Amino acid sequence: MKVIKVLNEKEVGKVAGDLILSAIQSNSSSILGLATGSTPESTYEYLIEDFKKNKTDWSKVKTFNLDEYVGLSPDHKKSYRYFMNDKLFHKINIDIKNTHVPDGLKIENPEDYDKLISKNGGIDLQLLGIGTNGHIGFNEPGTSFDSLTSVVDLTAETIEVNSRFFESALEVPKKAVSMGLTSIMNARKIVLIAIGKNKAEAIKQLINGNISINWPCTILQNHKDVTVIIDEEAASLI
Ligand code: GLP
């Protein structure tokens, strides 16, 4: 696992953004796995700036997002599909048909998402955030390392932390459809980003903890190509 410590959020976005851009430069048909939440916002801002300045061509890139809230339609303002359209897809020249976010309303056969990813050749680079409890995607503590895309229950902690995006904790969906830990481990390269003191314990577990389902992120210790990009606060316990 390669760990890159930088000064601040903007630098996290630059370093992660440059890794994504170099994947696209080496293969214009790259398959990217993308994440939502506050952390990737500086990465997406960097990619949009690059697009304005350097006209990086996204027309053949395909993307697969990690997760979506169950019960929110793609046009719901708090859905992850809406977030991705708003924060990235509508601001670059990606073909929206090449972008995939699990559908929070059609949850009958969630493993079809993994089949679609492998039919397209598998993920070249997976961008990940991390929850304060070590979740990746929405794979909460206790999730089997064998998991594929499935409907999952969110913990009270995650609902509370994510309530900042909603009017109140009561409005946060209690379930999500998430790529599983095996789905994530299948990516050829993983880039995990974290910002802020509230991620320091999860980062400590990710890097130095015993591999355990109690900290889902620790499965990444078994992956051969992981780059962790963190600011000083997220790095404060390592
Ligand atoms: C959310 C998402 C994760 C994300 C994490 C951290 O619940 N499902 O994919 O990495 O929590 O979010 P944030 O970046 O807002 O701290």
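Glycine is treated like the rest: Cβ placed from N, Cα and C.
TrEMBL labels come from automatic prediction, so no person has curated them.
The active site, proton acceptor annotation in TrEMBL covers D67, H135. Annotation source TrEMBL lists active site, for ring-opening step at N133, E140. Taken from TrEMBL, the feature domain 'Glucosamine/galactosamine-6-phosphate isomerase' covers 19-226.
Averaged over the domain 'Glucosamine/galactosamine-6-phosphate isomerase' (19-226), the predicted model has a pLDDT of 97. Sequence-distant neighbours of D67 (active site, proton acceptor) (same chain, 6+ residues apart, CB-CB distance under 8 A): T36, Y80, P102, G137, F138, A176, V177, S178, M179. Calculated from their C-alpha atoms, the gap between N133 (active site, for ring-opening step) and E140 (active site, for ring-opening step) amounts to 8 Å. Under DSSP, D67 (active site, proton acceptor) is assigned to a strand (E or B) in the three-state scheme. Counting every protein chain shown, the number of other Cβ atoms lying within 10 Å of the Cβ of N133 (active site, for ring-opening step) is 18. Cβ-based neighbour count (10 Å, all protein chains) for E140 (active site, for ring-opening step) stands at 21. Long-range neighbours of H135 (active site, proton acceptor) (same chain, six or more residues apart, CB within less than 8 Å of its CB): P141, T155, T158, P216, C217.
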